[in-house]
Amino acid sequence: SRKSPHDVDEATGFGPIFEEEPLDTVYAEDSPEAKISMNCRVRANPPYVCRWWHNNWEIKLLEQPDEHYSLVGGNLVITNPDKSKHAGKYVCVAKNIYGTTISKEATVKFGYLDQFPTDEREAVYVKEGQGAVLLCAPPSRYPAEVMYRWIYNDFPNFIIPDQRRFVSQTTGNLYIAKVEASDIGNYSCFVSSPTIGKSVFSTPIPLVPQVEKEVKRYPADIRVRFPKTYALVAQNVTLECFALGNPLPHIRWRKLDADLPPNYEVSMNGALLHLINVQYEDEGSYECEALNVRGMDWYRQWLYVEGAPEWAEHINDTEKDVGSELTLSCTAVGKPLPWIRWLKDGYSYGKGELKFSSLTFEDSGMYQCIAENTWGTIYASAELRVVSCAPTFIYNPVKKILLGAENGRVVIECKPRAAPKPRFIWKRGSELLSNSSRMLIWDDGSLEILNVTKSDEGAYTCYAENDRGKSNSTGTLSITEATKITEAPSDVEVTVGESTVLQCSASYDPSLDITFIWIVNSYIINFDIDFEHYELMLNSGNLLIKNIQVAHAGEYSCTAQTIVDNVTASANIFVIGRPGPPGGVRVEEIKDTSVKLVWSLGSDHGSPLIQHVVQTRDFYALDPEDWKTAVTSPVFLDGKAEAAEILDLYPWMEYEFRVYAINELGLGHSSLPSIKIKTWDAIPNMAPTDVDGYMSLNGELIVTWTPVKPQYFFGKKFGYVVFFKPHEDKEWKWSTVADPESRRYVYKDNIIPNTEIQVKVKSYNIKGEGPYSLTKVVFSSERAPTEAPLDVYARQVTSTEALVWWVPVYQVRYWRKYDDNEAAASRVLVHGSVNQTRLENMRTDSHYLIEVRAYNGAGLGPPSEHCEMFTRRPPPSRRLRVYKYVSFTRKWLYIYWDHIYNYWNESYVEGYKVGILFRKEGERYGKLYTTGRHYIDFPMPETGDYLVEIRARCEGGDGPISQIRVQALCICFFGFNTNKLLKCLGETGET
């Protein structure tokens with residue numbers, strides 16, 4: 001019988017609620033633990049009965065005992081699992097007198113990883129300098145997610161991926177971008193399944209590099225290409241891209257039509273793009289580009305971001321009166337959009353939305369809302385209980401003391417607990433009340449009285465009755481004097497930085513307390529939080545607004561409130577300040593050196609706009625705040641301008657734009673940057689500089705130049721055309737150099753000695769050829785130096801730098817005596833007029849050998865004697881913890897920090913460097929101090945924005961920088977010079 005749960009007084013229990021549900025399980029076929037446990041923990045009152053279902057068939061343990069299945073509490077244990085019998089879907093079903101609930105489906109699958117075939121693998125022969133791909137061909141497995149590594153010759157000598165070698169975690173193949181002679185050996189593919197804890201490896205593949213007399217160069221060739229990828233929102237995804245080539249290609253990533261997501265990382269020398277916590281807006285086409293001096297290759301593919309279902313709205317336990325209406329609905333989000341279906345007591349009960357026009361006791365039970373799409377399924381469970389009871393005011397009686405303001409409105413609530421819904425009757429004393437022009441009995445039982453007077457005072461009783469019984473409750477109504485605004489606030493106009501007072505006074509019943517509430521633009525002012533700008537004046541409702549800013553403009557409402565009634569009056573504050581940011585900045589027309597920019601006017605904040613200024617930032621801006629004032633047509637953009645042509649732009653350059661306005665009070669805030677655009681390409685107009693040349697010992701002509709900067713490429717396929725001819729010839733010989741970063745060209749045909757040769761160079765791109773450089777005359781008479789430099793000497797500067805000098809003459813080489821190969825020594829070329837140079841990027845605390853050779857276009861001279869030196873230990877790598885303190889008089893600023901101590905392998909800390917950087921639009925300068933103490937003080941700056949940088953000073957160099965920001969304060973006293981105050985405000989933006 002379902003009668004007892006319908007009676008409110010007896011309904012102390014509840015239906016089954018899952019606290020733990022079974023999870024998907026992968027069981028290793030050769031697992032030593034020969035059992036699977038499917039957990040199911042339920043809370044219910046009275047206790048529940050638990051049953052399990054497998055592939056839509058009930059497991060009847062009592063009626064049909066099974067040697068494989070057993071119940072431990074509510075958990076199902078499968079002993080000696082058999083793939084043919086026990087793989088599939090499992091659900092836990094819990095039932096008591098209030099209904100039945102079904103758990104989420106959980107799957108049991110059997111994991112395995114087969115062995116590699118034992119067949120011998122063929123050797124791979126490849127020329128030195130070429131790329132190679134060794135195929136893994138992994139064996140059959142489940143799950144498919146495994147980790148790939150490669151063994152070189154012997155286990156466990158695993159190959160460590162680097163810029164030259166890459167192991168794809170998609171295919172398992174080993175990719176070698178450029179084969180070297182040292183790569184000879186045997187390679188085995190090693191596959192590990194972390195899910196089942198098993199690993200296997202293949203028979204070895206011999207790799208035989210074929211040594212070439214001259215190693216050829218090969219263009220970049222992308223061989224690892226990430227497939228069309230589906231990622232789940234909020235998860236991480238990795239895209240693979242690797243290229244073969246000699247020299248080793250450089251890999252770059254980008255997203256078409258947008259920047260890469262903010263949470264991305266690139267690893268494995270560019271081969272892996274990691275997208276962290278992907279979002280729906282990260283969906284799009286991604287491109288990897290591989291580039292070396294021989295050529296470029298690119299590949300793009302689509303990344304789709306989808307999501308498993310998540311509840312936006314779900315059902316909760318509900319208690320409703322018998323005969324009432326009810327709608328049960330669930331809303332889920334996900335991609336693709338989830339569909340909704342319902343279960344009642346474990347059985348299918350419809351889709352979409354459930355509507356009940358008149359609830360009956362049979363509608364009680366456990367309801368489950370299920371949302372599912374291709375990525376998963378989620379459940380929401382709730383109990384619906386249909387009840388009935390006689391009216392009772394025990395839980396919600398009519399208020400005993402009722403107050404109303406004269407000529408106001410009074411609502412007396414009558415909300416007894418009752419099912420089905422009761423009928424209501426109201427009496428004042430013994431007088432039966434009915435609906436009239438002043439009185440109305442609401443559908444929920446409440447009594448409304450309009451324009452109340454003293455004559456309405458008295459005792460009011462609400463009577464409620466249904467077919468289960470009846471009850472009543474009484475309250476006494478008293479009428480008080482109405483609250484009235486006696487002094488209302490009025491509109492006012494103020495300038496930024498000023499203060500003002502809004503008046504607000506009211507009369508009210510002396511037996512009551514009054515409270516004043518101020519609201520600005522629908523925001524209730526909290527005087528404990530907003531005390532810097534707002535203050536409620538003592539013994540009144542007046543509002544003092546201090547140091548007014550543009551954001552304080554708007555409508556202010558004063559509400560005088562008692563426990564009985566309230567009254568409101570409003571006024572507006574108009575703030576005159578610097579302009580707000582223009583909006584909607586966008587580019588409408590794009591050309592090679594100009595664009596048309598359009599924007600909408602920002603707020604003038606009470607002072608007419610005088611001028612607009614457009615700023616640009618190009619692709620090569622080093623600082624995010626490196627904005628430059630643009631050249632525009634018209635040159636002067638007045639306060640009403642909403643468009644301009646931006647001139648003198650670089651062709652084929654990525655730009656973004658922003659706009660700010662000016663009024664009498666100063667510069668306004670800048671707009672948000674426009675979407676990045678790229679100007680059209682054009683013919684280059686810049687020739688290479690420093691064109692020179694010389695003859696090598698074997699008679700080759702070598703032409704050199706300084707490459708054109710990338711911003712002057714003006715288009716794709718940028719390169720150089722080199723022209724040369726003997727002085728007597730009329731026809732120029734020429735050759736193209738396709739590498740835009742190239743600095744030289746070698747003409748290998750012999751040229752007659754002692755010949756005067758003219759050389760010149762010009763640039764070109766896909767649009768055409770640019771101007772010629774100046775012509776340079778070259779003579780074929782130079783020889784390589786024959787004398788070694790003398791008196792080579794070196795000393796340390798920091799832990800990674802040294803100074804070396806000699807009697808003048810030009811190539812400096814340096815390497816670690818015991819750790820580096822001399823052939824791989826670092827090199828520095830120095831002009832012949834210089835007899836010293838700084839050596840950088842040296843290893844700390846190391847023993848170095850240094851040699852110097854003379855050098856010219858024909859080659860190197862003999863080496864000097866080796867100079868030996870030791871680099872210093874590095875400075876501590878830990879940052880200082882910095883603090884600041886401003887004196888009570890606000891005249892002095894104290895900066896202090898914790899001492900830092902060196903470890904045994906670090907340089908001794910000799911003191912500290914303190915740098916103060918002053919930042920202001922168009923200016924940046926600073927001062928540097930050194931101190932042996934751990935604090936320093938300065939006079940408090942009056943204006944500006946300061947950045948204090950502190951680092952440890954050691955014999956091995958300076959430690960890492962710690963920063964702290966200081967903003968000056970402008971303090972205004974009576975008699976303060978107005979111009980000086982405005983100057984102060986213009987620099988700091990604050991008072």
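For all residues, glycine too, the Cβ spot is worked out from N, Cα and C.
Those TrEMBL annotations? Automatic predictions, nothing curated.
According to TrEMBL, the feature domain 'Ig-like' maps to 16-109 (among others).
Among the features that TrEMBL reports, domain 'Ig-like' is placed at 117-201 (among others).
According to TrEMBL, the feature domain 'Ig-like' maps to 209-292 (among others).
The DSSP breakdown of the domain 'Ig-like' (309-388), given as helix, strand and coil counts, is 3 helix, 53 strand, 24 coil. According to TrEMBL, the domain 'Ig-like' annotation covers 309-388 (among others).
Look at TrEMBL and you will find 391-478 (among others) tagged as domain 'Ig-like'. Per DSSP, the domain 'Ig-like' (391-478) is made up of 3 helix, 47 strand, 38 coil.
According to TrEMBL, the feature domain 'Ig-like' maps to 483-574 (among others).
Feature annotation from TrEMBL assigns domain 'Fibronectin type-III' to 581-682 (among others).
Feature annotation from TrEMBL assigns domain 'Fibronectin type-III' to 687-784 (among others).
Among the features that TrEMBL reports, domain 'Fibronectin type-III' is placed at 788-876 (among others).
Between the domain 'Ig-like' (309-388) and the domain 'Ig-like' (16-109) there are at least 3 Cβ pairs closer than 8 Å, counting only pairs 6 or more residues apart in sequence, which means the two stretches are in contact. Shown for the domain 'Fibronectin type-III' (687-784): DSSP residue counts in helix, strand and coil, namely 3 helix, 49 strand, 46 coil.
Summarised as a single figure, the pLDDT of the domain 'Ig-like' (117-201) averages 94. Per DSSP, the domain 'Ig-like' (16-109) is made up of 4 helix, 53 strand, 37 coil.
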